[in-house]
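Encoded as structure tokens, the structure appears first; notes follow it.
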């Protein structure tokens, strides 16, 4: 082997911050990281739809239009029914004719129910199925595009962003092109039909009511802007905290070795404090928003009935027309409210699609899928670098290689030696053509590698990285990945198995892996409630006030039903009485508007403040408890980094929702039902008892409707969890995938893993939509029963308009909205599971407890280490002995190297000295003292550890170095520079922008 010049990291002169002025160099760098700022239209998301999909979607929209128009059509029947009741009460309609009309109107309700079932079913099923199919194609094309990108693309974006696209953004796209489209279209038609009916019946009353709509929209827009602003801040602050958590857990041995768990917990909590403040502001604004919106809604009621009475007096409208217009406008307003979240989903899908399609359309300059390039007939294996200069595209200011020449002859074994950051791994990456150099060329058997076929080139090489990767499959499957692209890839399975076993023996890794079984205690609901209540105890007064406010909000609707009955009854009175009563009861609507405005604000504010405090405490306590656990806790498969960081985020949110606003909403719904039934029984018990028979059906129907509207996305994400994990694993280890040329293999495996979610999606669409259709049709049947039986009581003189409509509104309409209570059932289940998980964590005391004050403390250590007949097995592999009676003595001042094959116990021995684990038998001593009798933090303060895979936290270089200091150790800048020189890293650090104050997050610390 011959070399010319030096690898850059070996001298101050060579390592430099550079300015890229050469346009050719700049072009080479930009080609590797350049991405177009790709903006797509919403309709671009349907570019993978096929003819069959379009047929189903169009049919679904037709059904959605019919279903949407049927709802305001019911108000026409409702108005005509009221006129019939009014005329009969005034003795202007014979009893036979009245009964005949009621029977006809009842049949119309039944017909609307049948139409509603089929149309709602078909539009949900069609769009859910097509959304599943289209999104699958997008997922496949996106992963294919990701896997063909060059490595510099991942250096710029990071594997985390790609992971987010696969796990989250594709779900956002599916959410925005599936059943929500047909639902939004149905609500839009519902809104248009409502307007047409309202203006047709009475344009004057419609305009009067709609006068407040622009004010409501402006009010909603202003509040939404500020609420979204603060919620975005919450997400950003939580993201910053999550970075700390993820880094700490993924490098837990480093944190434990330096006894920095409590310091890390304080940093994490400080990040959460900012999230709490933003969350409280968001909750307060949300309370103000809900209060103001409810105020305007009830103000609209007051205006509608007051102005409606003047039109009745002047003969320009009938009571039926007033009620018809009122409910049409009300349905139209609610239709707009239902459309808004769907529009947000469409915008989110379009936003997610920008990055997805940007990647799909990006042509990689180093493209593994390209068939271009030569394939040599004979390979000798000579590698040459000729005057190669290189900078990483992600940090072009730092030149890693400068004019390096290297010649490696076939059959030779070569070691590249140099300080950290000198470019050893860089050379390997260039040979594999992960990157292109800015100067010089790399030759393979005398041919420039840029002219060779990329896939062929990489299949001529075998790479074992500094940090070997195991994919989520069997040991056999991992070893077999090395056969991809070779002549052995498709050989007989028995022969392949023999080769794998032989390869495993050659690296001393032929072991079996077994898992232990963990039994967990399950807390009762009452135990969990008390424990969570204890954590939230400082805010008990806010929770109490919030519950009172929730109860007040709940009884407002029964009050509305009572006032509504009085207004309807007034419509049948003489003119003077009508004018007086209409004015009085309209003012009562105004009073109710003020009450619900105040109650809604108080509810939102109190639960917002208490909930944010609870979230902060749970996350802070949980993270501290995680860091308290011993290393064996983190060895368990269920306690991987992703699972633990996710639980920190999700568990607290789910518990907070149930303990706060969700609990308040449930109380509000219950008070609506209970108080409504009490009022209805007092006013008219016969009709109440009959109508109450429909309450279970209406509640169940409401539950399924809300469940279907909110559950599709959750079920989709769950079904795709396995395939998403596979894709994330591949992109996170893209260098290994690229070196093995596993791209096509990984894509096929991913595509195969989408088959089952696809089937689940079809089942969800076909069978799940049945419940949505049923829930949409039940309301019509309940109305039919109520009017039919109520008309009989009315005809017999037992009821007047007030009694009938008070009972009807208090029970039936209250029950329709009460289905929401069961829509919280999944939240309750999640909250209980989260609370159980958190409590087990908080009350878990590890055997090796970093919080414990027990144990002997030693001031000075000579460093005499002894292992006496030490036996050890890892808790997660209890059937595999790692150390069998180990005897070892290392005297003070000695340098000791533990040498042996992989898996023989070298790292285990170091871990036992740090007391990451306790031995099964035997003793580990320091200066003659059994370390199990020492205070664990005190022991670790006397040990310095540089692990096999050194870690840098998201702090400055200086802060990372000081991370290992003892408590109360005041290190100067001179001390820091001295230890850096001793570690042979000082020269590299001073070349970085801002040297010791350079943020780790700003650079990819490749070497």
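Even glycines carry a Cβ here, placed using N, Cα and C.
Keep in mind it's a predicted model, so treat the numbers as computed, not measured.
Per TrEMBL, the features are:
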type	residues	note
TRANSMEM	54-82	transmembrane segment
DOMAIN	58-348	domain 'ABC transmembrane type-1'
TRANSMEM	102-129	transmembrane segment
TRANSMEM	181-199	transmembrane segment
TRANSMEM	205-223	transmembrane segment
TRANSMEM	285-307	transmembrane segment
TRANSMEM	313-336	transmembrane segment
DOMAIN	383-726	domain 'ABC transporter'
TRANSMEM	540-564	transmembrane segment
DOMAIN	544-830	domain 'ABC transmembrane type-1'
TRANSMEM	584-609	transmembrane segment
TRANSMEM	658-683	transmembrane segment
TRANSMEM	689-706	transmembrane segment
TRANSMEM	765-789	transmembrane segment
TRANSMEM	801-822	transmembrane segment
Message: Three or more CB pairs closer than 8 Å, sequence separation of 6 or more: does that hold for the transmembrane segment (205-223) against the transmembrane segment (54-82)?
response: no
Field: Cβ contacts the transmembrane segment (540-564)/the transmembrane segment (658-683), at least three under 8 Å, sequence gap 6 or more
entry: yes
Query: Do any residues of this chain, six or more beyond the ends of the transmembrane segment (658-683), have a C-beta under 8 angstroms from a C-beta of it, and if so which?
result: 532-533, 536, 543, 546-547, 549-551, 553-555, 557-558, 561-562, 565, 603-604, 607-608, 610-611, 614, 691-692, 695, 802-803, 806-807, 810-811, 814-815, 817-818, 820-821, 824, 827-828, 831
- prompt: Can we call the transmembrane segment (285-307) and the transmembrane segment (181-199) in contact, meaning three or more C-beta pairs below 8 angstroms at a sequence separation of 6+?
  reply: no
- prompt: Which stretch, 102-129, 181-199, 313-336, 584-609, tops the Cβ pairs under 8 Å count with the transmembrane segment (54-82)?
  reply: 102-129
Touch test for the transmembrane segment (313-336) and the transmembrane segment (584-609), at least 3 Cβ pairs under 8 Å: no
- prompt: Where does the mean pLDDT land for the domain 'ABC transporter' (383-726)?
  reply: 80
